[in-house]
Every structure is written in C-alpha cells, then in structure tokens.
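S.K.: After the structure tokens below, expect a handful of questions from me.
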Amino acid sequence: MMPNIKSLSIDKIFFMLIIIFLNTKCAQYAVRGAIPLGSIKTLKHNLSKDIDINHQDANGITILMLATMHVRVDMLTEILKYKPDLEKVNESGETALFIAACFGRDEILKILLAEKANVEAKNYEEISPLYCAALNNHSKTVRLLADNGADINAKDKFGITPLMAAADNGKLLAVRELISLGADKNRKSNFEWTALTLAIDREQEEIISELVKGKADLEIRDKFGRTPWIDAVKKGNLNILKILIEGKANINVVTYSRQTSIFSAIAKNRLNVIKFLFSLGISLEEKDSFGRTPLLYSCEMNFEEIAEFFILQKVNLNTGDRFNHTPLMIAVQKGNQKIVELLIASKANVNAKTTYNMNALSFAKKNKHEKIISLLKTAGAQEIKENPVDQPLIRMHN
C-alpha cells in the first residue's frame with residue numbers, strides 16, 4: 001500500500017523518486033542488454049516498466065534500431081507494440097528502416113514498411129535507404145524498397161543516384177537490379193558524372209558492359225565536351241574501349257576544344273592506346289582549336305616515344321599551330337634534343353617561320369641551347385632578324 005505522500009518528509013519523497021528513477025534506468029539498460037543476448041523474456045519484462053521507448057544512447061541508437069541491427073524479429077515485434085517513433089534518427093541521421101536497408105535485413109524491412117515507416121527517409125548525407133542498399137549490393141532489398149514506392153533515382157547531396165553509387169563501387173548485382181527497374185542511366189551528378197563515366201573511371205568492366213547493353217548514352221558530354229569514349233581513352237584500358245566499340249560509340253568524337261581521342265591519349269602518355277586508336281583509323285593529322293596536331297602536342301608534352309611514333313607514321317612534320325609554331329620549334333623551345341634530332345633526320349623544315357618572324361634557330365639561341373644550335377646550323381638553319389615583338393606564351397592544354 002502506497003503511503004500518504006502528505007505524511008512523508010521531503011527527504012523520503014526524494015528517496016522514493018530516486019528509487020523510481022533507478023528502477024526505470026535499470027529497466028532501460030536491461031532492455032538494451034537483452035537484445036544482443038536474445039533474451040525475449042527479459043525484454044518483455046522490462047518493456048512493461050514504463051521505460052522511454054524512444055531513449056537514445058550516446059550514438060543516438062534506440063532499442064528499435066538495436067533490434068534491427070541484431071535482426072531480432074521477435075523483439076522488434078514486441079517493441080512495436082509500445083508505439084516507438086519510427087522516424088527517430090541516430091547521430092548519422094539514420095532511421096531504423098534506413099539501417100535495415102543498408103544491411104539488407106529484408107525480413108525486418110517488411111515489418112517496418114507494414115508499420116508505414118518512411119521509405120524515403122534520408123540521412124544527413126542525403127542518402128536514401130534504397131541508395132544505401134544499392135551501395136552495399138543488396139539487390140533484393142533494392143527491389144523491395146522500389147516495390148514500396150522508393151525513388152530509384154533519389155540523389156545525395158552531390159547529385160549521385162543509387163545507380164551511380166553502385167556503378168562507382170563495383171556493385172554489379174545492384175546495377176543489374178536498378179537497370180531492370182528502369183533507373184535513369186544518363187542522369188548527371190553535380191560534377192557531371194554519369195553511372196557510365198564513374199564505372200569507366202573505376203575500370204569496372206562488367207558494369208560498363210551492363211550499362212552499354214542497357215543502352216546508356218555513349219555520346220553524352222561533360223562541360224568540356226568529353227564523351228565516355230574520351231574518358232575511357234584517358235584511363236588507357238583497351239578492354240573498356242572494345243566494350244564501347246561493341247556498343248557503337250563514336251570513336252571520332254572531338255571535344256569542345258576540337259581534340260580527338262588521340263590528344264587524350266597523348267595527355268596521359270599512353271602510346272599503346274595511341275597505336276590502338278591509329279589502328280581504328282583515327283586521324284593523326286587533325287588539329288585542335290589551338291591549331292596543334294598530335295605531333296606538335298606530343299612535342300609540347302615532351303613525350304619522345306609518342307613523337308617518334310608519329311614521325312614514323314609519316315605525318316606532316318611542318319604543320320604549325322595558329323602562330324605557325326612547328327613541331328621542331330616546340331621541341332627546340334622545350335630543349336628536347338632527341339626529338340629535335342628525330343625531326344631533323346626526318347627532313348623537318350629547319351627554316352620555317354612563325355607569324356612573328358622567328359624560326360627554330362631563333363628559339364635555340366634565345367634559350368642558349370648550344371647543342372641544338374649546332375644541330376640546326378648543320379642542318380642548314382639560317383639566322384634571321386627577329387621582330388621586336390615578344391613571342392606569345394605557349395600554354396599547356398590537356
């Protein structure tokens with residue numbers, strides 16, 4: 001029988017409150033301890049003690065989340081009788097449903113979905129439950145969430161979709177499931193990545209093949225006008241290039257700066273790729289928007305083996321850029337004696353002039369390359385009077 005509270009002293013009332021608090025606190029901890037131990041009896045006993053059903057630990061974990069993490073369907077069902085807040089989030093902004101999706105706990109997920117838990121509840125990174133399921137390659141979970149109304153194209157804070165995330169991380173099963181569900185294969189992130197370009201960057205060959213078979217756009221461009229073909233050339237993976245060829249990618253595409261994929265291969269010093277592209281019939285003579293040929297660009301980049309390959313293919317050695325710099329002039333300015341020797345031996349014009357009246361010898365003298373000066377004079381280079389106008393800067397453009 002409860003004593004008449006009016007007859008109790010303040011000290012006794014305070015003591016009683018402490019006892020009640022401790023009993024509740026002990027029950028709270030008993031519930032948390034029961035879940036990983038699988039003690040349903042202890043759980044039921046302590047749930048009846050009027051505990052805070054939504055209590056969170058230091059990491060924001062509720063007992064509903066704990067039962068989800070330990071895949072305790074019986075305990076989850078018991079906890080749900082006390083009407084916990086299904087949308088309570090942990091320190092990362094994740095609900096119990098989000099956690100179930102991430103770990104592929106489909107049996108738990110079905111129960112939470114039946115309780116009308118929010119299927120679109122994103123965490124603090126704006127990642128959705130379906131996105132997290134895809135990121136962890138839980139294809140059946142992806143299907144379950146989609147069947148219950150989850151957005152298969154929901155973006156995170158960087159504009160990455162579930163398909164992009166799965167492609168980027170090599171999650172083949174999830175990629176296949178998302179494609180079969182009709183996920184947008186051509187959507188761009190905030191950085192203009194697509195699922196295909198991310199897969200190319202990671203060299204995920206199987207996923208690239210799935211995306212190509214799924215009719216991903218092979219001609220989609222980024223802000224520089226680069227297509228997946230250009231991206232693949234930069235990676236230097238011939239298997240990926242062959243997959244794209246099978247998908248009918250345009251191998252003669254040029255960027256907004258008028259560069260063919262040959263330029264992309266030069267920029268990454270990939271001679272094997274250049275040879276492959278040449279075997280496909282891609283031009284070695286086409287200029288970019290700066291007037292540079294592949295040979296001139298390889299001289300600018302100081303890539304001797306690539307320059308030698310172009311020379312051996314009998315390309316025009318004297319084609320100049322927009323200021324009429326020839327490959328020989330560029331090689332001289334770079335001080336690359338080997339390329340200079342190759343060009344001279346192949347009969348490059350040693351007396352060609354720029355638009356501001358300088359030739360290869362002018363550059364060699366200006367930069368005091370004595371050995372190159374000697375080579376040029378021996379080859380018949382003539383000294384000329386230079387214009388007082390300074391030469392334009394030669395800029396590097398990849």
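Note that Cβ sites are derived from N, Cα and C of the backbone, with glycine treated the same way.
What TrEMBL lists as repeat 'ANK' is 92-124, 125-157, 158-190, 224-256, 323-355.
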S.K.: Residues sitting near the repeat 'ANK' (158-190): Cβ under 8 Å, six or more positions beyond its termini, same chain?
M.R.: 128, 130-131, 133-140, 142-143, 146, 152, 196, 198-199, 201-202, 204, 206-207, 210-211, 214-217, 220
S.K.: Tell me, roughly as an integer, the mean pLDDT over the repeat 'ANK' (224-256).
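M.R.: Across the residues of the repeat 'ANK' (224-256) the model's pLDDT averages 97 on the 0 to 100 scale.
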S.K.: Excluding the flanking five residues on each side, which residues at least 6 beyond the ends of the repeat 'ANK' (125-157) place their CB within less than 8 Å of a CB in that stretch?
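M.R.: Beyond its ends, the repeat 'ANK' (125-157) has Cβ neighbours at 92-93, 95, 97-98, 100-104, 106, 109-110, 113, 119, 163, 165-166, 169, 171-174, 176-178, 181-184, 187, 189.
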S.K.: Can you work out which residues elsewhere in the same chain, 6+ from the ends of the repeat 'ANK' (92-124), have a Cβ less than 8 Å from its Cβ atoms?
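M.R.: Sequence-remote neighbours of the repeat 'ANK' (92-124) are 60, 62, 64-65, 67-69, 71, 73, 76-77, 80, 86, 130, 132-133, 135-136, 138, 140-141, 144-145, 148-151, 154, 156.
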S.K.: Sort the residues of the repeat 'ANK' (323-355) into helix, strand and coil with DSSP and give the three counts.
M.R.: 17 helix, 0 strand, 16 coil
